[in-house]
Structures are given as C-alpha cells and as structure tokens.
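Here is what Swiss-Prot records for this protein:
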type: ACT_SITE; residues: 186; note: active site
type: ACT_SITE; residues: 244; note: active site
type: SITE; residues: 248; note: site 'Important for catalytic activity'
type: TOPO_DOM; residues: 1-18; note: topological domain 'Lumenal'
type: TOPO_DOM; residues: 40-54; note: topological domain 'Cytoplasmic'
type: TOPO_DOM; residues: 76-94; note: topological domain 'Lumenal'
type: TOPO_DOM; residues: 116-141; note: topological domain 'Cytoplasmic'
type: TOPO_DOM; residues: 163-187; note: topological domain 'Lumenal'
type: TOPO_DOM; residues: 209-220; note: topological domain 'Cytoplasmic'
type: TOPO_DOM; residues: 242-249; note: topological domain 'Lumenal'
type: TOPO_DOM; residues: 271-292; note: topological domain 'Cytoplasmic'
type: TRANSMEM; residues: 19-39; note: transmembrane segment
type: TRANSMEM; residues: 55-75; note: transmembrane segment
type: TRANSMEM; residues: 95-115; note: transmembrane segment
type: TRANSMEM; residues: 142-162; note: transmembrane segment
type: TRANSMEM; residues: 188-208; note: transmembrane segment
type: TRANSMEM; residues: 221-241; note: transmembrane segment
type: TRANSMEM; residues: 250-270; note: transmembrane segment
C-alpha cells in the first residue's frame, strides 16, 4: 500500500524531466534555426555585393603575391608545413571533388527551386562540367610544361649527375629525378575554386531578394559552401607560405584567374554557353511591371 505514492511521484518526476528536455530541445532548435537564418542572410549579403567581390579578387592577388613573405615570420615546423598534413591530403588534393559536391548541391537546389525546370537546372550544372574540364586540361598542360622544360638528374652523394634520358617517364623509370618548370597545380586549383565558388554563391542574395523558397536545407547547404570557401582561402594561404617556388605559385594563380575570366568573365555571358550564375532564374523588372 505504501508503494503507490512513491510510484506516482516517480512517474510525475519522469514526466516533468521529459517535458523539461522537450522544452530544452525546442529552444535549442529555435536558436539553431535563428542562427542559420541570420548567418545565411548576412553571408548572402556579403557575397552578393559587387564591391566586395572586386575586393575579394584583390585579396586573392595579395595572398599569392605577398603571402610568401610570411614564411619568415611563421613556425616552419607547424603541421601545415608538412606535405602529409591532414588538410593537404584530405582537402587540397581533392579540392575539386569537394567543390563540385558542395557547389553542385547548392546550384541544383537554387536553380530547380527558382524555375522547376530540369533542362534549366542541367544547363546551370554544366558549368561544373566545364570546370572539371578546365581542371583536367590545366593539369595536363602543367605536366607538358614540366616535360618540355626539364632534364634528368641522378642524385649522388657529391650532387646531381645530368643524364641524357629524353623524357620524364624514362627518367623516373630509371630511378632518377626529372626537374623542370613546375607550375603549382594546388595554387591554380585553389584560386580557381575560390573564384568559382564566390561567383556561384553570390546568386543567393538575389534569390532571397525575390522571395523564393529558402528553407533550412537550402540555407544549410549555402552556409556549408561559405565555410568551404573560407577553408579554401586558408589553405591557399598555407600553400603559398609553405610550398612551391614563388614564380610557380604566381603562375598557377594567374592561370586559375585567367581560367575564371575566360569562363565566368567572358564565355558564360554568351547565349551559346552554360549561362552565367543566376541567368534566367529571376523575372526582369520590366516584365514584373508589365504583369502588374
């Protein structure tokens, strides 16, 4: 007979704890939603500013040109100075894969939610196919430059012995070293990805301004792209500080910028191209007035 009140009190306490935890979860979800909304709005406003995008180009140029000077003021034994560090292996070496995955999801959601048309969505996604072709083509061109400008050397205790082997493949097969002009493919790829992601993400400001559907999944994907863009900037700075020769880095960044200009700055504005980011997604002002 005495157990009844005890059991009832235990059940009441458990119910109060569950209610308290449920309320706490709802508060945390509300805070997370508010932060997601606020963060995506502010990031979209920053990336959508034409003035800030021009300053961003100047920032990338300053990083590549003046960043190597920081090597005299940083610890050469830091983890980022090692070719085998986690970020270099997992992110830099697969930079295009990360960029294509994150940015592909963002472009897919933005274009399809704005137009509901598969053909238009596929056209905008084809910019990533062009980007992959640019990446592969540039990599092959860099190897060709290294082959044409290089010579074969055998490392000896006294120094290097020059060999007459005609090409890189036969030189490496013989266990020797091939030394030529090596354009920094990492600097090229990170520069190209930074410019490409900034250009694509800038569309989100106009997307929000037109009142198009922007739920939590889309905002989260957008912020993930912003975080990846920030990571690419940081890893580009680490690359120019710790790795490669100065001219190799500058040439790599220059080629990446030129590739961006040929595509986003020129070709994508033509009617026979994949189209520039945001092209055909939003109604023009005069068409809105005519409809009204």
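Note: Cβ is positioned from N, Cα and C throughout, glycine not excepted.
Between the transmembrane segment (95-115) and the stretches 19-39, 55-75, 188-208, 221-241, 250-270, it is 188-208 that has the most C-beta pairs under 8 angstroms. In the predicted model, the topological domain 'Lumenal' (76-94) has a mean pLDDT of 78.
Listed as Cβ neighbours of the topological domain 'Cytoplasmic' (209-220) (distance under 8 Å, sequence separation of 6 or more from its ends, same chain) are residues 33, 36-37, 40, 106, 109-110, 113-114, 282-283. In terms of DSSP helix, strand and coil, the topological domain 'Lumenal' (163-187) has 9 helix, 4 strand, 12 coil.
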